[in-house]
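Notes follow the structure.
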Amino acid sequence: MLMYFVLHFKGLWIFNLYRILYMASSSNYSTAPVSEFLLICFPNYQSWQHWLSLPLSLLFLLAMGANATLLLTIQLEASLHEPMYYLLSLLSLLDIVLCLTVIPKVLAIFWFDLRSISFSACFLQMFIMNCFLAMESCTFMVMAYDRYVAICHPLRYPSIITDHFVVRATIFVVARNGLFFLPVPVLSSRLRYCAGNIIKNCICTNLSVSKLSCDDITFNRLYQFVAGWTLLGSDLILIVLSYSFILKAVLRIKAEGAAAKALSTCGSHFILILFFSTVLLVLVITNLARKRIPPDVPILLNILHHLIPPALNPIVYGVRTKEIKQGIQKLLRRL
């Protein structure tokens, strides 16, 4: 029932957003001649596309299969109907949406040379990439709080981390990031595009699209920068604080083996946060150093950032979490 609520809420929300962007873009057609964009992946190395499509396809199938298996296991296994696993389900849903938003279009360009993307679809993709990336960060923050309560206040855990807490946390994750990142595509869609319609990227990033505009885009870029770093930065600070308190509590445990057991419950979550933050940091650094590195490198890293974490997240939890591993084994025996 909880998963149905989350899926239904997100579906309605994204549908209404598409209508808003369509209306905004329609109002621009009277002043902007652009009705669609052309995505040019890897402008300097287009011969690589066919070779690159194979590993990207395999990673995409792995991500979809692993996350679908994890969601199905949590849904069917009664012992996994707990808040911690509901939060993990939310993370898998976000991963699936991010993959489906980016990778199929990239593969369509590689395989069938389908480079065109409509005006509204481009800005919808821009919104989902920005918003759902921040949703993942926020979900990691909520999961860190879950582990903090479990280790630092174990007796209060059942009364604090409940199904109602998960529902409220999900609404917070969706509402906070949706409201903060909705202006990014709306501002971009209202610009006048008279510098051509060729985007030198595989996806509709705000930077790649807005540079085609004739208008001043300073406020557009500044808003995305401030919103992004405010949300992701605050999430990271809260995650670091949570794990600082967890480490402090674990070091006080004197019983033999108890400290290692307590830390093992956070191991999977910490690995995913570390990987998510590292890939994001590398992506930011390469974008800041665009003049010193080939322009195709940030494009490739941006694609991989929407593919590798979704592929690894369910695998890490499946391998390191005994309950999930047993649930997957039961699911496979049923099949």
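Each Cβ is built from the backbone N, Cα and C atoms, and glycine gets one as well.
Just so it is clear, the model here is predicted, and its values are computed rather than measured.
What TrEMBL annotates here:
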TRANSMEM  54-74  transmembrane segment
DOMAIN    66-317  domain 'G-protein coupled receptors family 1 profile'
TRANSMEM  86-111  transmembrane segment
TRANSMEM  123-145  transmembrane segment
TRANSMEM  165-182  transmembrane segment
TRANSMEM  226-247  transmembrane segment
TRANSMEM  267-289  transmembrane segment
Considering only Cβ pairs within less than 8 angstroms, which of the stretches 86-111, 123-145, 165-182, 226-247, 267-289 has the most against the transmembrane segment (54-74)?
86-111
Contact ranking winner - 86-111, 123-145, 165-182, 226-247 against the transmembrane segment (267-289), Cβ under 8 Å
123-145
Is the transmembrane segment (123-145) close to the transmembrane segment (226-247), in the sense of at least 3 CB pairs under 8 angstroms with a sequence gap of 6 or more?
yes
